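Notes to accompany the following structure.
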Amino acid sequence: MARKGDAAASPYGEPRKFDPKFRGPIHNRYCTDVLCCVIFVVVILGYIALGIVAWVHGDPRKVAYPTDSYGQFCGQKDTPNENKTILFYFNILKCASPLVLINLQCPTTQLCVSKCPDRFATYIDMQSSYRYNKSYWEYYRQFCKPGFSKPWKSVAQVMRDEDCPSMIIPSRPFLKRCFPDFATKNGVLTVANQTTFKDGRGKTRNVTDLREAANGINNVLDARSVGMKIFEDYASSWYWILIGLFIAMVVSLLFLVLLRFIAGVLFWIFIFGVIGIIGYGIWHCYWEYHRLHGIPGSDLTIYDIGFQTDFRVYLQLRQTWLAFMILLCIVEVVIILMLIFLRNRIRIAIALLKEGSRAIGYIMSTLFYPIITFILIAICISYWAVTAVFLATSGEPVYKVMANQSLCKYANLTCYPETFNTTNVTKLCPGAQCTFAFYGGESLYHRYILVFQISNVFVFLWLVNFAIALGQCTLAGAFASYYWAFRKPADIPACPLFSSFGRAIRYHTGSLAFGSLILAIVQLIRVILEYLDHKLKGSQNVFAKFLLCCLKCCFWCLEKFLKFINRNAYIMIAIYGKNFCTSAREAFFLLMRNVVRVAVLDKVTDFLLFLGKILVAGGVGVLAFFFFTHRIPIFTQEAPSLNYYWVPLLTVIIGSYLVAHGFFSVYAMCVDTLFLCFCEDLERNDGSTAKPYYMSASLHRILGKKELSPKKLMG
């Protein structure tokens, strides 16, 4: 039986025993999780094969070029439509909204044209003037079907066969499609300064009949105008944006170096500032409570007045300020007690932060490793996006019968243009046409397009998580080499980052792939849940919404927990070279045996790094604001003239934050690695000559003799 207080009595495993041969990251390793490594390689080869198949069947031109009713691309080189780059709709009134025009197919004949109409005209008017003015027909015929040259054909037959549009409307091209040239004049919707137009069927209609299309189009066109101005701003300020990001990089490096000296000062200033602010809040609540004494109605209780939409009513009650004062007093007391009882652990956390800054100073190359991770993730994103586009455009042209649905039973059925004129459809449904509808197919490949898209997303998530895992394991190995160097920096091995990267790739690809696989599965489930949530937004099923919300919350928590476990498992893999499950278990038990230290270090690190990101982004942002608004006298002439100064300003602020995040993520990994090494050091060694500590002298001084007892090891 283990005695009470014995380390072996812990439910989180037994602390490691002293190993005189252990000198940091083990170099004599073996390949771990080989089966997962093989599966990972096979999946990558399959992913490459999927990309090749998608490339063979896909055609991105279906996205780049609009398609007419005959399945031909507008503007495609070496085709009759080479100079006809814009899609024209015979009757845009049949199109419900711009989304129908862009994503689906509008139920009207669509034709490739070289330019959009610039005037109002109808087929009836053209036919009336054809006898004495053939130029009218020459203009109108460019919007008719190719080869149609019978302007004397009756209007009824032309409309039935859809040889020409019944009307044309002044339009302008957008997204390579002709949209009516909408404008607002004195609050009235107009087209070419007119509020009415002839529909070509003997009726005069109001422009407001196009309102459904106009509402969305005007917003998009306004957005295009803004987009052009934003592009101009980027074109004239990109050089200064890069300078701002370079300054952010320098400031981030400087902050990491200074943390060795100011980590403790920043933390205690913040803590005492919070205590002071809460103390002022307590005094203010007491002052308000005393001020309201004797005022009529102030002694009423919150229960007496009930619920009020105007919350200022509650501020006129003494009971409200008394409740605030009691709550703030409780918070103040809790913070002070935590500082008293956790002061040593806070000092250890600050010392580890300083040690992290010192470690990065000795292994500066680690600061630039995120560039490799960024490149790997960029490759994954690019490959996923290209594969997704090719998969989405893998279909063959599908043609549908276009006719009056109430009079023709064949409407919307699949047809074939080559044989359509020989069928009975044209006889039973006069005016019916076999027109292009969308891209699809009935083959085995086309039936599994959705499965391929899901597979594309899943492997993408797996590869991205693997790239992140590789970076974490590589950095952990480098920083562990620093910690377990008995004489720093003399005993730090040469090229620790490169050596750690080689070990991770050579021996632990399977383990990293295993951890990434688990995380990718959870993330894929979250993506599916988000998709279902989007589909159920209009649903009235309250239970389904509640269940979906619970599942989303649970899987969000699970993802956060797995990221925490994986991160520490990769650190243990980098140190000991064991498989993923063993490393994850040992890391979890080690952290649980030091759970208080984990909580303190995590919060202290998060605060200081968040403060650093805000300082970097805010400082560079303020400098950019004064520069782009011409408020720095010596740079007034150099500052570019902009349409929107906030465009480069926001880019600099967000970019600076991301640059700082990239550098500080290395620092956070450094601190986490040093912390696990520190806990291992405490369990393996006791500071004696036979079992010396590997920790720095500053950490050793903070621990003191009391911290070396077995009970303290359970901290």
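Each residue, glycine too, has its Cβ placed from N, Cα and C.
Range 507-529 is the one annotated as transmembrane segment, of 507-529, 553-575 (source: TrEMBL).
Where the transmembrane segment (607-628) meets the stretches 30-56, 238-258, 321-342, 362-386, 459-486, the count of C-beta pairs under 8 angstroms peaks at 238-258. Here the transmembrane segment (30-56) has long-range neighbours at 383, 386-387, 390-391, 394, 445, 452, 455-456, 459, 462-463, 466, 506-511, 513-514, 517, 573, 577-580, meaning same-chain residues at least 6 beyond its ends whose C-beta is under 8 angstroms from one of its own.
Beyond the transmembrane segment (459-486), the same-chain residues lying 6 or more positions past its ends with a Cβ under 8 Å from any Cβ of the stretch are 22-25, 40, 43-44, 46-47, 356, 359, 362-363, 366, 369-370, 372-373, 376-377, 380-381, 383-384, 492-493, 496-497, 499-501, 503-505, 508, 512-513, 515-517, 519-520, 523-524, 566-567, 570-571, 573-575, 666, 669-670, 672-674, 677-678, 681, 692, 694-695. Nonlocal intrachain contacts for the transmembrane segment (321-342), taken as residues 6+ away from its ends with a CB within less than 8 angstroms of a stretch CB, comprise 271, 274-275, 278-279, 281-282, 285-286, 288-289, 292, 315, 596, 600.
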